[in-house]
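Taken from TrEMBL, the feature signal peptide covers 1-24. Annotation comment: TrEMBL describes 147-245 as domain 'Fibronectin type-III'. The transmembrane segment feature in TrEMBL is assigned to 252-274. Residues or ranges marked as region 'Disordered' in TrEMBL: 330-369. What TrEMBL lists as compositional bias 'Polar residues' is 338-352, 360-369.
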Amino acid sequence: MRPPPPPPRLLLPLLLWLSGCGAAAPPADSLSQLPAPRNLKVYLYNTQQALSWEPVTLSNDLRPVVYQVQHQYNPSSNWYDVNKENSKVDCTNIIVPKCVFSTNNLSEGFPPSFNISLRVQAKLAGLVSDWVTAPWFQHYRNATIGPPENVWVTPEEGSFNIKFSSPFDVPASEAYFLYYVYYWEKGGIQQVTRPYRSNFITLNNLKPLRAYCFQVKAELFWISGKISRPGHLSDISCSETTAGASAKLQQVILIAVGTFLLLSVVVGTCLFLVRKYRGLVKYWFQSPPRIPAQLEEYLKDPDQPILDALDNDSSPKDDAWDSVSIVLSPENEGEDVLQSTVNQSTGPSQQPVEGGLQASEPTDVTVRT
């Protein structure tokens, strides 16, 4: 089949001019498509799964832009809308630039062992943007593991019992957690335990009556993928170990000895000060001298005959006499003895008696007291 003949030379310039005029007159609002969303981010933390992006804005249109999210199970090539039919959330025509797939349970979102791809598209009336695809992910491979929760500590004699809960629940056939305890004595060197699969750990061989601080960390191990994901450390907690029976006895003995020594020092110091400052202490504690009551009354009223009353109060009974007998032994017979008698008044002087005294006769001497 032969090709068609060429057009006449006069018609060719006319056709070119007409075609140029048609191309130069596009419609005034000819916006072929919307800008595509940018900076897609997949958020995976414990059981949370979410996709976020930067919103699309138009300077000449104030109508809200809506977004549609689709997912794909690799290696399949089919894309599915994220709606109530295919999942438990609806992200077909949303205004916010974020789609949350799960929050508190892995069963709410995508299977944690599946390879998932996500893409998003912007829409405004009859205009649409290109699809933008986020990097694929697997939850067990890419999730951020948080610290263990609800950490409880029970101090014992030289040990700690630590109990906590896992960051989130995982099927035992797919994955499990390993736990580590980082502990140190205050001001000491940090140590770490071996991995435990139990959420109840006992720290032994610790010093009694010492303060220790510790943190707990969980590590997720994916069985089929043979991949581990270390988690974050929990907040620092501190507690003090208790004392055993021997330590308590030693503590009681030390307290008793210390108390005795302290009392001894106090008593010894007091005695030393009392002896050194005896006069000052006596001055402080001695009662001041007091004037007799009769003199105090006389000083108040000198006209009263206080002195005469005092003279009249003196009784003859106060002048007492004692009798003293002097007995001479036979050895002193023949010797002259001078007997003197003292009378109540002036009393006469006694003269020696001739011939001496008989041995059996006592001599009385009266003495005034």
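In case you wondered, yes, glycine gets a Cβ from its N, Cα and C as well.
If you average pLDDT over the domain 'Fibronectin type-III' (147-245) in this model, you get 93. Here the domain 'Fibronectin type-III' (147-245) has, by DSSP, the following mix of helix, strand and coil residues: 1 helix, 58 strand, 40 coil.
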